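To start, the structure under review is shown below, and the notes come after it.
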Amino acid sequence: MLVSYKWLKELVDIDVPSQELAEKMSTTGIEVEGVESPAAGLSKIVVGEVLSCEDVPETHLHVCQINVGEEEERQIVCGAPNVRAGIKVMVALPGARIADNYKIKKGKIRGLESLGMICSLGELGISDSVVPKEFADGIQILPEDAVPGEEVFSYLDLDDEIIELSITPNRADALSMCGVAHEVAAIYDKAVNFKKFTLTETNEAAADALSVSIETDKAPYYAARILDNVTIAPSPQWLQNLLMNEGIRPINNVVDVTNYILLYFGQPMHAFDLDTFEGTDIRVREARDGEKLVTLDGEERDLAETDLVITVADKPVALAGVMGGQATEISEKSSRVILEAAVFNGKSIRKTSGRLNLRSESSSRFEKGINVATVNEALDAAASMIAELAGATVRKGIVSAGELDTSDVEVSSTLADVNRVLGTELSYADVEDVFRRLGFGLSGNADSFTVSVPRRRWDITIEADLFEEIARIYGYDRLPTSLPKDDGTAGELTVIQKLRRQVRTIAEGAGLTEIITYALTTPEKAVEFTAQPSNLTELMWPMTVDRSVLRQNMISGILDTVAYNVARKNKNLALYEIGKVFEQTGNPKEELPNEINSFAFALTGLVAEKDFQTAAVPVDFFYAKGILEALFTRLGLQVTYTATSEIVSLHPGRTAVISLGDQVLGFLGQVHPVTAKAYDIPETYVAELNLSAIEGALQPAVPFVEITKFPAVSRDVALLLKAEVTHQEVVDAIQAAGVKRLTDIKLFDVFSGEKLGLGMKSMAYSLTFQNPEDSLTDEEVARYMEKIQASLEEKVNAEVR
């Protein structure tokens, strides 16, 4: 919200520096982004009168003689198409500073001396988006009463100061000058001075020519007025200046008035050309599938059943609360105008504007809420201004449908509760003073009082809101401070917090870098890297489809980061994230999803780069597995890895499911080449673990066990196996022998070739045995090996070589 300080001072009698006001507003609840003046950095720009203007042959240039209030005229060469004799213009004299700190100097153009520059608004730093279209390609023409030689700033209100407010959703009342004026008046204990709009009506009743009806509960109220004999023309300079300072482009005297009322009351309005209507009945209803509407921006919009539309003769003429239709817009030929003021459902407006990516000042205000008590007042004010500025006559009465509750909202409290919550010792007189300054009604006494809250402050509905208002206006800086009471208890980390720290320690120790990715993603990426996707949890009104669904995995987000870095030649990456994924087993519209703590990482590129001593070491499956092994060793968990091809986003031959007993903890594998190509990344290995499941499996601290004094014994065994037998199957067969003294199994060699026969391979293992209470004998170890050999022959048909 941009606030003109000049305009604000017309509404509230204050005389403090704008920066001081900004600081005061920030400390009382409305954040101020900054204060700027359009004239900042500009100098030596004066009013000039064009005395003569001659064309330069074979060019678009003009030689102008300009009166700038000096004894002698100045010759200035100008290329603007709208320069002509007899107009007042903005002249930057030699030495002047214009936008971007550009300094104007004397010069020659096509051999013609130019002693300055005739300026456009853009050359003074005014955004092209707010410059009136009639001056968009040329210079700004000043009012006829502008005095040559005087600075131009006051004529265009460039000497104003613009306060930019950052309005939070709960203070949408400050999206209007009236709302800001009430706030400033309360801060400085001043009265508001709102303009009185005088409206004169004709004897001809508007209801005789127009009817209004509402066919949906999404539009509580709709009102319209009819104006005749309208003369469309540019708005007066003061109104154009005000709108440009507020960031709005002036259009014409009718449209500019609706924008003025929007800023003044916070009430969105729209003007229709009555002569373009095909009927006399305005209906507010929900759109039908298949209906279309060309909006004011020239775009044809496909309407949905959730959209609110204004119709005439059952044809949409406007998207309610968002944008009008092109067919009924105000043009230079318009002479009969219908003014609209209404209240629309904010959620419906937000859904429509979000779906169409069509946001406007009006839709923003409907989404956040408007003052329902001033709808008719704003409509009357707009009619009054158009009658004054466009010579219009206003038909008698407002044509409306629906009802509005404009009565004050009553909220009760006690002085004891106020002081208890705020930690103060306020008197009832202090509370009375606060609500008097706010313009609220108050009845009762210290034991029990009731505050009557005007509809302009629709954010105040409960007792806690009263406490906040008292604290704001009384002054946060005046509230007493105290040290925390010494009655707390020492806290400790939860199990999941400890687990997250352990995981982070292992990941950082392995050289991984932590990142944080979005929990919202696309519907397609949400279910990637999941064997059994759950129901999608979708946002009702996403800002973009890229952030519309809660993720069910973290890998896709990490791969987006990998792709971003790879595209920028950062190819050796080891990234991890600890966060939450969301599993929805019920109806997303009725139930919240389960939040699952997870850990995921992605590795790509080289583990170690090539140097003069060693070859480059690329990332592979086993390097990724080693990180997980280190983690599980730290946690004291014995997990198993089982090959799988059920996760379609992963390589079917290089993927394993990680299990603890019968419970699946996660997966490890290479990103499927097709998926990697879609992300535009090289060979990448990923893993994801369910930390919530691991948390439930963690055991209490293992008691100290004395290191045995007795030596371990190792035996090597080479096995001839069929090629399809896996390492895990061999390990399972060895463990199935039930040898209690077996403490370690290591695979140290794998060989296949013609000598072994077709479809055969050799795998060599080192087996370690140890008795913590005694030395093992050769006979005992031999018996263990016999049991293991028998199990291998039975389970995997192994032949000991």
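Glycine is treated like the rest: Cβ placed from N, Cα and C.
Sequence annotations record features per position, and here Swiss-Prot assigns Mg(2+) binding site to D459, D465, E468, E469. The domain 'tRNA-binding' annotation in Swiss-Prot covers 39-153 and rests on sequence analysis. As annotated by Swiss-Prot, domain 'B5' applies to 406-481, with the evidence given as sequence analysis. Per Swiss-Prot, domain 'FDX-ACB' is recorded for 708-801.
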Any further residue of that chain within 8 Å (Cβ to the Cβ centroid of D459, D465, E468, E469) of the recorded Mg(2+) site: N170, R457, I460, A464, L466, F467, R472
Candidate with the highest Cβ count within 10 Å, taken from the binding-site residues D459, D465, E468, E469: E469
Within the predicted model, mean pLDDT of the domain 'FDX-ACB' (708-801): 92
Assigned conformation of D459 (Mg(2+) binding site) - DSSP reduced to three states: coil
Three-state composition of the domain 'tRNA-binding' (39-153), taking helix and strand from DSSP: 9 helix, 47 strand, 59 coil
